[in-house]
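A.B. asks: For reference, Swiss-Prot lists these features for the protein:
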BINDING   12, 13, 14, 15, 16, 17, 18, 19, 38, 127  ATP binding site
DISULFID  103-200  disulfide bond
ACT_SITE  103  active site, nucleophile
SITE      128  site 'Interaction with tRNA'
ACT_SITE  200  active site, cysteine persulfide intermediate
SITE      344  site 'Interaction with tRNA'
């Protein structure tokens with residue numbers, strides 16, 4: 001049996017059940033485990049309640065239960081500079097960002113990894129549902145989590161080979177239901193705790209209200225593609241391509257009673273374009289351009305390959321051909337795709353392996369840019 005006692009693993013503990021079980025499993029496997037709570041955002045609400053304080057209490061309770069030391073580290077400045085400023089800049093540009101991808105790249109697997117190294121870590125571990133596999137040459141492959149419904153490789157697609165070399169994902173082979181069972185069997189303080197959802201710095205707050213604190217909303221016209229005025233929009237940043245709710249149109253303006261969707265934006269004119277029908281022609285495209293192209297292991301600077309891709313979390317894979325030039329790529333779809341959204345991540349897969357991905361800049365239909373920003 002391998003002696004893991006000389007291998008130090010620093011676990012990012014959020015106060016949730018996944019990271020609690022991560023720490024427990026590593027401790028049971030004999031590793032030298034340290035728990036670290038990351039405070040990335042000052043989320044004190046109007047009543048003076050800070051959920052981070054509650055979460056840290058849960059981390060402390062679990063760490064005491066399983067018998068590991070624990071610390072708290074403050075990354076609020078790094079998070080603001082590297083994640084939140086990016087989030088705001090993307091909204092200013094009319095795009096729909098994915099802060100989770102950037103948080104993993106810049107905070108959980110950069111700032112936190114650097115901090116863990118100062119604690120003498122050999123590895124860091126998190127409660128993500130993903131797997132790492134090492135070959136005989138030492139190359140690390142990132143694979144989808146065994147639980148298809150929970151797989152989080154989409155959000156980890158910007159991790160580098162160097163980051164993956166130092167990372168363990170102890171939950172990757174488990175189903176979420178098994179993780180809960182392990183927590184309950186061990187009597188962990190977080191066993192019954194509800195999973196957090198949504199963007200961490202928004203939490204339970206109203207998204208529109210939150211965003212308007214940082215970006216002034218500019219109302220404008222809502223139009224159909226053929227120029228019919230459909231009323232007023234509240235500010236382009238509040239709408240995403242393919243969105244159905246929150247338009248305030250209803251079926252009364254259309255002859256066919258189909259629901260209305262956001263089908264485009266014109267940032268220069270401050271116009272929101274809407275159209276009827278889930279598969280409205282303005283929502284369909286057959287290729288995209290992406291930048292910040294990044295692979296989880298070494299690849300040539302220029303090459304073309306076929307694979308499957310996701311254009312948003314929780315969607316089935318689609319067959320694509322990818323033409324890579326340095327850190328940019330053209331991605332051509334085998335079948336037309338709906339609501340390809342600038343600012344979101346496109347992530348490439350070869351079977352179970354997550355190859356990497358990039359950020360969507362523009363969608364195209366028959367070579368013409370879609371009016372999405």
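Note that Cβ sites are derived from N, Cα and C of the backbone, with glycine treated the same way.
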A.B. asks: Could you list the residues of the same chain, at least six apart in sequence, whose Cβ is under 8 A from the Cβ of residue 14 (ATP binding site)?
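C.D. replies: The list for residue 14 (ATP binding site) reads 37, 38, 55, 59, 127, 196, given in order along the sequence.
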A.B. asks: If you measure from the Cα of residue 18 (ATP binding site), which of the recorded positions 103, 128, 200, 344 is the nearest?
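C.D. replies: Nearest in space to residue 18 (ATP binding site), counting only the recorded positions, is 128.
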A.B. asks: Looking only at Cβ atoms, how many others are within 10 Å of the one on residue 38 (ATP binding site)?
C.D. replies: 23
A.B. asks: Fewest other CB within 10 angstroms, which one of the binding-site residues 12, 16?
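C.D. replies: If we count Cβ atoms within 10 Å for the binding-site residues 12, 16, the smallest count is at 16.
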A.B. asks: Out of 103, 128, 200, 344, point to the one nearest residue 12 (ATP binding site) in space (Cα versus Cα); all of them are recorded positions in the record.
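C.D. replies: Result for residue 12 (ATP binding site): the nearest of the recorded positions is 128.
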A.B. asks: Give the sequence-ordered list of residues that share a chain with residue 200 (disulfide bond), lie 6 or more positions from it, and have CB atoms under 8 Å from its CB.
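C.D. replies: Residues satisfying the criterion: 40, 41, 99, 103.
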A.B. asks: Around residue 103 (disulfide bond), how many other C-beta atoms are within 10 angstroms of its C-beta?
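C.D. replies: Taking all protein chains shown, residue 103 (disulfide bond) has 26 Cβ neighbours within 10 Å.
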A.B. asks: Show which residues of the chain containing residue 344 (site 'Interaction with tRNA'), separated from it by at least 6 in sequence, have their CB under 8 Å from its CB.
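C.D. replies: Same-chain residues close to residue 344 (site 'Interaction with tRNA') (Cβ under 8 Å, separated by 6 or more) are 96, 97, 98, 311, 312, 359, 360.
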A.B. asks: Quick one: pull the CA-CA distance for residue 16 (ATP binding site) versus residue 128 (site 'Interaction with tRNA'), whole Å only.
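C.D. replies: With distance taken Cα to Cα, residue 128 (site 'Interaction with tRNA') is 12 Å from residue 16 (ATP binding site).
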A.B. asks: Might you list, by sequence position, any residue in that chain lying six or more from residue 128 (site 'Interaction with tRNA') with a Cβ less than 8 Å away from its Cβ?
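C.D. replies: The answer is 18, 145, 152, 155, 156, 169, 171, 172.
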A.B. asks: Take the Cβ of residue 18 (ATP binding site) and count every other Cβ within 10 Å, whichever protein chain it belongs to.
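C.D. replies: So the number of other Cβ atoms within 10 Å of residue 18 (ATP binding site) is 25.
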